[in-house]
Amino acid sequence: MVETVEVNDVYLAPHCRLGEGPLYDPKSDILLWVDIIGKKVHWVDYSRSDDVEYTRKSHKWVSVNNYVGCMGLTDQRLKYIAAAELGFGVVDLTQAKGQGEELEIEYKDVVHKPEDMMRFNDGVIDPVGRFFAGSMWEWRGAPHSNGKLYCLDAEGFVSVAHEGIGTPNGMAFSQDAKTFFLTDSDKQTIFKFDYDVKTGALSNQREFLKVDGGMVPDGFHMDTAGNFWIAIWGGNAVRKYSPQGEVLQEYKFPAQRISCTAFAGKNMDELVVTSASLHLRDPDYVYPETGEADKGGDIFRIKLPGVTGANRNVYKLN
C-alpha cells in the first residue's frame, strides 16, 4: 500500500492564478516561481532565519510584459533564461525597480507571433547548457496538439527537437544524460527518449508512465536516486515514483490543482510545490478575507530528510 502524507500548511500565499515553474537559485539562495496567466515573476529569500513552521508572510514580485512559462539558471547573478510567450529571453532581476513594477523580458530569439495564440510552458537545461522548452496553445485559444519542443543551444541557435505535443510539462535528463523525459499532460503520460548529449538529438520515443483516474501529470523534479516527484493536477497531490515508474509515496495538499515541484535549500532536501487557483480564468476574482478551503495558487514547502534533489544545470549567457 502506498504511504500517504497530509500537508496542510501553506508556506506562502501569493494567490497566483497559475503558479508554476519553481526554481531554487543556490548562488543567491532565493526561490523563484511564475504566475503564468497573472504575468508575474515571484521570488523570496529562502533561508531566512524568521521561517517558523515553514510559513512566510511576504515576498517580492514584478509584473512582466508577456507570459513566462518557466525559467532556468544562468552563469550570471539574478539573470534567468526564460521560455516566455513569444520565445526565449532573459528575466533580469537586477533591473527590478520595485514591488509590482513591470519588468520587460529581454528576448534573445522570437519563435511565436502574438496571433499564433501559442506560448511556452515548461523546460529544462541539459548538462552542456542547452535549454529545451515546450510550446502549447495559449490558454484563451482552442486546445490542440501543435506544440513543439524547442532547443536553444549555447550559441543562441533555436531548433525543433520534437513535435506533436499537446501540453508540455515536466522534463528532465537522467543522471547519465542518456535519457530524456517529457510530460504531455493532454495524454496523461510521461514519455522517455534516448538522448545524445553530444548533438542534442532525441530518438526512440516510448511511454514511461501513464497517470489514470482522470488525473494529470504536471511538472516534476527528480532526486539523486532517480525518483520522480510529480505534481498531479486535479489530484491534490504530489506522487513519488520510482525509476521504474512505480508509485512509492503520495503527498496530499489542500489544493486541487497542484502544478509543479522543485527541490530547494542549501542541502537540496526540501520540496517546494506550486499550485493554481480554481478561478484561474477569472482575472477579477478576489480572494475572501477569511480564505478559501482550496488553497490553489499558494506555495507549499516540505522537509524530506534523507532525500537530495538533483542539481539544476546552467545556461551560459553570451
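Yeah, the Cβs are placed from backbone N, Cα and C, and that goes for glycine too.
Remember, it's a predicted structure, so these values are computed and weren't measured experimentally.
The active site, proton donor/acceptor annotation in TrEMBL covers Asp218. As annotated by TrEMBL, divalent metal cation binding site applies to Glu20, Asn169, Asp218. For Arg119, Asn121, the entry in TrEMBL reads substrate binding site. Feature annotation from TrEMBL assigns domain 'SMP-30/Gluconolactonase/LRE-like region' to 18-277.
Separation of the C-alpha atoms of Asn169 (divalent metal cation binding site) and the residue listed as 'active site, proton donor/acceptor': 5 Å, rounded to the nearest whole number.
The recorded positions Glu20, Asp218 differ in how many other CB atoms lie within 10 Å of their CB, and the one with the most is Asp218. For the pair Asp218 (active site, proton donor/acceptor) and Glu20 (divalent metal cation binding site), the Cα-Cα distance reads 10 Å. For Asn169 (divalent metal cation binding site), the Cβ neighbour count at a 10 Å cut-off comes to 29, with all displayed protein chains included.
Across the binding-site residues listed here (Arg119, Asn121), the residue whose Cβ sits among the most other Cβ atoms within 10 Å is Asn121. One way to see the shell of the divalent metal cation site is to take the Cβ centroid of Glu20, Asn169, Asp218; the remaining same-chain residues with a Cβ within 8 Å of it are Gly21, Asn121, Asp122, Gly170, Thr183, Ser185, Gly219, Ala231, Trp233, Ser259, Cys260. The two recorded residues, Arg119 (substrate binding site) and Glu20 (divalent metal cation binding site), show a Cα separation of 14 Å.
The two recorded residues, Asn121 (substrate binding site) and Glu20 (divalent metal cation binding site), show a Cα separation of 9 Å.
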